[in-house]
Structures are given as structure tokens and as C-alpha cells.
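Contents: one structure, followed by commentary.
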Amino acid sequence: MELSLSSSLHSTTPASFYLSTNSTSPPRQNLGLFSAAASNFSSRVLLKFNKSSILRQPRPVIVKSQSSSEITNDNDDHGFVLEDVPHLTSFLPDLPPYPNPLKYSQAYAIVKNTFVSPEDVVAQQIVVQKGSPRGIHFRRAGPREKVYFKPEQVHACIVTCGGLCPGINTVIREIVCGLHNMYGVDDVLGIQGGYRGFYSQNTIKLTPKLVNDIHKRGGTFLQTSRGGHDTKKIVDNIQDRGINQVYIIGGDGTHKGAAAISKEVEKRGLQVAVVGIPKTIDNDIADLLQNHFWLTQVLVGWQVIDKSFGFDTAVEEAQRAINAAHVEAECVANGVGIVKLMGRYSGFIAMFATLASRDVDCCLIPESPFYLEGQGGLLEYVEQRLKENGHVLIVLAEGAGQEYVSQSAQAVNGTDASGNRLLLDVGLWLTQEVKDHFTNVRKMEINLKYIDPTYMIRAIPSNAYDNIYCTLLAQSAVHGTMAGYTGFTVGPVNSRHAYIPINRVTEKTNTVRLTDRMWARLLASTNQPSFLQKCEIVRERADKETMEVIDDMRITSI
């Protein structure tokens, strides 16, 4: 049996499957054949990867599958899949390459291997089992021996979109300085005010001198906005200005816009490289929803990028609010501290801040439903901790408990300009519920302090770790665009920076998995109830997989 997987539109192989960014599922008429291939995985069907296909940058990856009885080469790759990124030569085949200027750089003269090999890839999964497929890989980020832009012909632009996040200014600075110092590029334009700045003529010329110290400031030097994306207007402006490199810093919605720009650029046949730098303080971008159906049972729902920039800074700054609330609570009788942190759909900041603090008694996140009253409810637990310790500290993400808040307040059904649903203030709601319960029901005096540090966290400069991380992201983006790649985003995959197709990081929001050990560690740290076993309403909200695991008691604290 031999299956040829290719993104070439000229392939005549009956079982062609397209692995390019524009197609993620096989042609309908080939489903039967691929189903047969999938069913033979148990009999050691092996996927043979054609190494020469990696060397040809403009060409798609070709993967062949054959039974073990047909394998004669010991070097055959087992289940190797490359999630490749588009290259300008895919639609501009006559584009000439040039020697990389880094070849003559004094700074890189001492580097043993200045350039990344065309065969270097980064594995999405590093924990595997014997006999399992090698799985999905991404191109390793870094400088290539050949570039597809002459430095004097580069006209780059940078735009920031969406909400604020620590580290944006560092990314801006390092893109400008990276282009100038590594490749000799002097023409970099800053697009002010987000996507709408493209067609509102809000621009500023960026130089290394101008951006020299912006990394010490919070926010974004270029200003930002939500929404305002108009693909045609944006690409028209890019074309009119002669821009040929577009660096887009933003989250999920921004990356969807970047993907649309990249497709329109390709449609018009423009030599324009488009790259996204993932920005989300909530760390909720880049959860890979696998739809390579023959690997579905193995790889569904794996996080692609390790973390987004600004997240570590946010967790560190959240400690200040948690520490303040803890001091306030433990210094009075029956002290209750409540801290609301960011996390519209994902509770990563609340979870990691709780784990780092070790003072938190209960952490509430959007992924984990909870209930207030009755046996095993939050109010019962709060009373129990007050009796045991004399104080209690609660951390909650802004997206937690929205269904309860909407019952006691006027629901808001709208969305913001980025398409995010508008949230009610769960922190104020919980504060009032706790006060009412202990004052009116339990006739018990409490001293409650509520802290919301949201905008303080968003507006601070990035810490040392995020500064280094942002530098690597920016330089990886610069190397990728100079090498002719487009329609991609950058990020660390298992601590190795890689180029990832944009559509792969916008398929699904990254959320905390209640069946993972990290959440179990939090439960062990706080000793809070899981809220998932005793309330049928909560059980209906929780996903089926989570409830099966909870019922089977497979979550551990290690």
C-alpha cells in the first residue's frame, strides 16, 4: 500500500491529500481509502517522509505511507508529518534568492552554525510511546542561507491590534533593530491605531534610535484598537505604499485578519510576506485542533505554542494583588479577600498565580463550573475555611460564573469590536453574594476586601524573562520573512522556536484542561472542592470527557 500526500494541484495520484495551509482535510472521494489506511495503524503502517521535499522550500511536503513489509530503508520515518508554512515562491516561482547578509556579520562570525538547516524541524509532541507515529512537526525558526529580499528593497511595516499586554513595545523595538542590525534594512513604517491605521493614513517612520528605550514602557508605542479590519482596503494601502513585509502583533482575531491579508496578497500575486506575532495576556491562543483524521485519536486538542508573551509578567504582577488581599484578610477577624484576574475564556493567569502564591484557598476559572449554595458549594467551603484559619482568599478569572451573574444582573448579549462577548463583573457579584450570605443568612460578621488589578497588570512593562522571549519572537519573525516565508506565526514549541501556519493557531481557543495534572496540582494546593461531583447542573455544563475522568477518579495531585 502506498499513499502519496501532497499539496501540488498538478498531482495525478488518486490518493492525494493537501497539507498546505489552504486545505486541512482530504478530498471527499478519497475518504474510504484513507480510512483503510487509518485502520491499518495497528499493523504498523508507517509513513515515509521524503527528505528532499524539505529542501525544496517552494514545494509542498510529500508524505508516503507503506506497510512495514515494503520498507527496505532503515532510515524510513514513522508517521512523520510536516505542517509547512507558505513561501513566496509558491505563487511567485521566478523570485530569485540572494545570499544572507548574516554571512558577513561580525556578531554571527563566532556562531558555529549560523544558518538553520532546511531539514531542521520541531516536534509538536516530545512525550511519545514506543511504536507510536512521530506525529506533527513544524519548521524550525531562524536565519536561512538564502533570502528573498534585498535589504535596500525592503519596505516593512508593523501594526499592533487588540488589547494591551506587557512586552508589545519590546517586540516592536526588536523587529526594527533586528531588521536594521542583522539585515541592513532602514525602511520600517509604524502603522498607528491598529488595522484601521492602514487606511486612515496614521503612520510613523521607525528607526532604531526612535524605539531605543520603548521596551521600558508599558502599552504599545504605536497605539492600538479593536476591529477595523477591511482586507481590501488594507491590501490596497500595502500595495500603494510599496510595503513588502508586514509584521502583525495581536491575538486570535488579529491573526485571523493576518490570514485574510496573506491570502489576498497571494491572490494579487504581490511579493509581500505577512507574519503574525501572537499576543494574548490570557495565554489562550494556539490550541491546535487536529483534523488530520488518521491521527485524530492521538493528537486532538494539543497546545501548539508553549505560552504567549506577557503571560509570565502578568502572573508575576498578579502576585502583588494576591499578596495584598492575603495581608488584608489575615490581619482581621473573619477576613475574606477576593481578587479578580484576567481570563475571559481561559483561566491560565488565575491558575498559575494561585499555584505561585500558595496562599489562595479557592481558584475559580471559566473552564471549571462551580455553585454557591448547598452541600459542597462555595459558600459552605468559605465558611469552613473561616472557622479553620480565621480568613479565606479567593482568586477568580473574569470569565468564571457568568451564568450566575446574568441571573442576578441585566445580561449583556453584545460583543466588543474584536468579537469577544461582553462580560458582567463577576468579582462585584461574588463580593455581594458572600456579604449577603454571611450577614443575612449565617448572621456572621466578616471583613471583606475586593481587589481588581486588571488594568494595572495590562499596562506594565514586561519583566526580564518576557523581554528575552519577545526578542526571540521578533528576531524569528524577521528571519522568516527575509527567507520568503509568509502566512505564518512564530512561537516556541517545546522550547524551540518554530514557524507555524497562521490558520493552525486560530482554530481553537487554548483553555485549561481539568483533566491535566496542572489543575490537579492546584486542587491539591488549595484543597478546594472540584464542584463537579455533587451538582447535576454543573455536571451538565462540564464536558463529557472531564466528567468521565472525574467519575473514574483519575485526577491525581502529582
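Every residue gets a Cβ built from N, Cα and C, even glycine.
If you look up TrEMBL, you'll see 157-286 (among others) marked as domain 'Phosphofructokinase'.
The ATP binding site annotation in TrEMBL covers GLY163, ARG226, GLY227, GLY251, ASP252, GLY253, THR254.
The Mg(2+) binding site annotation in TrEMBL covers ASP252.
Residues or ranges marked as site 'Important for substrate specificity' in TrEMBL: GLY253. All chains included, 22 other C-beta atoms sit within 10 angstroms of the C-beta of GLY253 (ATP binding site).
Sequence annotations record features per position, and here TrEMBL assigns substrate binding site to THR280, ILE281, ASP282, MET342, GLY343, ARG344, GLU398, TYR455, MET456, ILE457, ARG458.
Around ASP282 (substrate binding site), the C-beta neighbours below 8 angstroms that are at least 6 residues distant in the chain are SER308, PHE311, MET342, GLY343, ARG344, TYR345, SER346, PHE348, ILE349. Residues or ranges marked as active site, proton acceptor in TrEMBL: ASP282.
Residues or ranges marked as domain 'Phosphofructokinase' in TrEMBL: 305-479 (among others).
Within 10 Å of the C-beta of ARG458 (substrate binding site) there are 19 other C-beta atoms, taking all protein chains into account.
Per-residue pLDDT, averaged over the domain 'Phosphofructokinase' (157-286), rounds to 93. ASP252 (ATP binding site) and ARG458 (substrate binding site) have their C-alpha atoms 17 Å apart, to the nearest angstrom. The binding-site residues shown are GLY163, GLY227, GLY251, THR254; of these, the one with its CA atom nearest the CA of ARG458 (substrate binding site) is GLY163. In this structure the C-alpha atoms belonging to GLU398 (substrate binding site) and GLY251 (ATP binding site) are separated by 18 Å.
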